[in-house]
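Asks: The following block contains the structure, expressed as structure tokens.
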């Protein structure tokens, strides 16, 4: 009976001491993994930041191109006198000599195409 108790006590002491070692090892492994995870997260965050900056640059470039190209210079509306040599009629309008009602004005006007 004493041998059983001694054996049990010996196994218990070994289990506790090895368990403590495993606990310390587990703690060290967890710290290493979290440090690696942080570095991976930092790297992933850095890559994501680069991609977002590239997208932002593309969007800003497109916006600036749109604002330069899409804005129409001041134009003359329909039925407004225009210069024959330098017509500034808005898009969809043409600078033409009036047919009936404006013959006496001797001027060109913007009309729809």
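Yeah, the Cβs are placed from backbone N, Cα and C, and that goes for glycine too.
According to Swiss-Prot, the protein carries these features:
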SIGNAL    1-21  signal peptide
REGION    61-83  region 'Disordered'
DISULFID  75-90  disulfide bond
DISULFID  82-95  disulfide bond
DISULFID  89-110  disulfide bond
Asks: Using C-alpha positions only, work out which of the disulfide-bonded residues 75, 89, 110 is nearest to residue 95 (disulfide bond).
Replies: 110
Asks: Please tell me which one of the disulfide-bonded residues listed here (82, 89, 110) sits closest to residue 75 (disulfide bond), measuring Cα to Cα?
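Replies: Given the candidates 82, 89, 110, the nearest one is 89.
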Asks: How many neighbouring Cβ atoms, not counting its own, are there within 10 Å of the Cβ of residue 90 (disulfide bond)?
Replies: 14
Asks: Are there disulfide-bonded residues among 89, 90, 110 that sit within 10 Å of residue 82 (disulfide bond), Cα to Cα? If so, list them; otherwise say none.
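Replies: Cα within 10 Å of residue 82 (disulfide bond): 89, 110.
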Asks: Just how many other Cβ atoms lie inside 10 Å of the Cβ on residue 110 (disulfide bond)?
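Replies: Residue 110 (disulfide bond) is surrounded by 21 other Cβ atoms within 10 Å.
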